[in-house]
Each structure stands twice: as C-alpha cells, then as structure tokens.
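Beneath this line is the structure, given in structure tokens, with notes to follow.
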Amino acid sequence: MKIVLANPRGFCAGVDRAISIVERALELYEAPIYVRHEVVHNRFVVEGLKQRGAIFVEELHEVPDDNIVIFSAHGVSQAVRKEAKERALTVFDATCPLVTKVHMEVARASKKNIEVVLIGHAGHPEVEGTMGQYASDSAGMYLVETPDDVIKLNVKDPSNLHYVSQTTLSVDETADVIDELRRVFPEIQGPRKDDICYATQNRQDAVRDMASQVDVMIVVGSKNSSNSNRLRELSEKLGTTSYLIDCPEDLKEEWLTEQTKVGVTAGASAPEELVNQIIEQVKAFGGTAVEELTGREENMFFEVPKELQIKTVS
C-alpha cells in the first residue's frame, strides 16, 4: 500500500506565528500565560502548550487581574479588546494578519455606514471576532453560510453593501455564495483580493490534485478546525472516501483494507510531527513506499510582536 503525501500541507504562516507568540511569552515571562480560546485549533498543539504553562480560557473574566493574555489566531471582537484594556491586562495579539485584513475591511465599512455581509460558519471564533468589528448603529452586519441564506437577507440599502468572508472556508462553496450575492444584490462590493487565505487555497488545491490518485484520504486535523474539515469535505465531494483524524490512535485499520494508495494531508493547524506519527501508523497497517507530491511553494512569514523579539525582559 503506497502512501501519497499532499504538498503543501500542515502549518501555515499564521499558525506558526501564533504558536511562536505563546512559546516566546512562556520563555520571557513566568507561567502561567493565559490564552483566550485555543490559540490554534489543534489538540496536539494545545496540549503541548498546556504542559509548558499556558492556560486556555474562553472568556476574559477567567483571566486574573495583572496577568498576560494572548488572543488566539482567530481574532477577537472590539468588545473583547475594550474589556482587556479596561482591566489593564497585558495583551499579546496572535490574530493571523490575514484575519486582521478582514477585520480592517469591516471596520472601514462600518465607519462609512456601509452594510456588510460576512460569509462564514456561525459559532466559529473567527466569525465572532469579525462580526464584532462592526460598530455602526445606522447600518448592519449579516452572516450567511449558503446561497439559500442570501435569498433570505433583508438589508437596509442594497446599493450600499459590501461582503467579506471567513478565511478558512471552502473555495468552491464561497464562490457559490458570492455568485448568489451578486445576483441578488447587483451593486454589492467585495474585497480587492479574495479573503480566503493563501494556505487554505493551496491545501484545497493540493487535495483537488491528489484525490483522484488515491483510494482513501486521511486528513490530519482536529474536529474543530474549519480548514481541516473543508479538506475532508472537498475530498469526499471529489469521490474519495475521506477521514479526519486528530492522532494516530484515531486511524482504523479497516479503512485501509484492500486499498492500494492512501493519501495523507494536514490542515493548516496540524504540525508535521503529528503527520509523521500518522504515517508511521499507516505503515504499521501495511503502508510501504511514501511518495510526496510536488506542490505550490510557500514562503510566507509573519513576525511576532516586537515585545516578544527581545532577548530579555527589562
């Protein structure tokens, strides 16, 4: 049974930066370091940071006074930022710069009283943070997930409308929603550049290229990882039986029975160390040669905040 590795896969620049921020904070300041929400949606990563002294909370009221808090890569609302400032908490912001770009689009629209439609999944922390960038009382912000949601929209001024999207969505499904928005609201404006992040796009393209070459697809990622779920869904849509797993123990031998080629990819928050562990488990179930496909080269890099680049704490 041949093992075929997608390329690119795994960590993106935003995830690398977010994890580095927590690691540097733990190095420069005494534990505990508080992190609002899982810094990235990967159980393996979160457990490793917990062991080093990071404490993950869902709300700021769980952070004691006079402490450090890190905002996760998914971003936070303006209300959360305001609360942190009012409590004089020391904040390090691990929001992915590509999410910040979307936040800035919403904030600009809000200042101009332009209504905004966000394409995204209800309840996802990135969506909650992006919705929380809209401050205008004279216009509104709306969330849609599907083309059917667009038809139900009742905006105040169809001629004064802008759309943005969650960065980790399915490229194809987002395109369908955008097409419907433009059909229903011909004057709607969008971002100059697609909001879907480069890593999401690249990993979906890699799965699209690989799906027809394998009998079964293993996607390494946590159940709460949006981009990992989209990889599994895309592979299934392309006709390949696919599974999302969090660790080697999740892999079932019967999934691989009588298969000749198994594909392996990983969401943007899954580390290569975990991918390697799962490859070893596939080998234990009969995997032999490993072939890594060629793919789009990624050289994006996001720096950590300047305060965390210093060598010592003054």
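Backbone N, Cα and C define each Cβ position, glycine as well.
These features come from Swiss-Prot:
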- GLU126: active site, proton donor (ACT_SITE)
- CYS12, CYS96, CYS197: [4Fe-4S] cluster binding site (BINDING)
- HIS41, HIS74, HIS124, SER225, SER226, ASN227, SER269: isopentenyl diphosphate binding site (BINDING)
- HIS41, HIS74, HIS124, SER225, SER226, ASN227, SER269: dimethylallyl diphosphate binding site (BINDING)
- HIS41, HIS74, HIS124, THR167, SER225, SER226, ASN227, SER269: (2E)-4-hydroxy-3-methylbut-2-enyl diphosphate binding site (BINDING)
Densest Cβ neighbourhood among THR167, SER226, ASN227, SER269 (binding-site residues), 10 Å radius: SER269
Recorded positions clustered about CYS12 ([4Fe-4S] cluster binding site) [Cα within 10 Å; pool: HIS41, HIS124, GLU126, SER269]: SER269
Spatially closest candidate among HIS41, CYS96, HIS124, CYS197, the listed binding-site residues, to THR167 ((2E)-4-hydroxy-3-methylbut-2-enyl diphosphate binding site) (Cα to Cα): CYS197
Residue from CYS96, GLU126, CYS197 whose C-alpha is spatially nearest that of SER226 (isopentenyl diphosphate binding site), among the recorded positions: GLU126
Cα-nearest neighbour of SER225 (isopentenyl diphosphate binding site) within the listed recorded positions, CYS96, GLU126, CYS197: GLU126
Among HIS41, HIS124, GLU126, ASN227, SER269, which are recorded as recorded positions, the nearest neighbour of CYS96 ([4Fe-4S] cluster binding site) by Cα: GLU126
Extent of the isopentenyl diphosphate binding site in Å [max Cα distance among HIS41, HIS74, HIS124, SER225, SER226, ASN227, SER269]: 15
Chain-internal residues near GLU126 (active site, proton donor), provided their CB is under 8 angstroms and they sit 6+ positions away: HIS74, GLY75, VAL99, GLY120, GLN166, THR167, THR168, SER226
Other CB atoms within 10 A, centred on HIS74 (isopentenyl diphosphate binding site): 28
Inter-residue Cα distance where the pair is ASN227 (isopentenyl diphosphate binding site) and CYS197 ([4Fe-4S] cluster binding site), in Å: 10
Listed binding-site residues (HIS41, HIS124), ranked by Cβ neighbours within 10 Å, top entry: HIS41
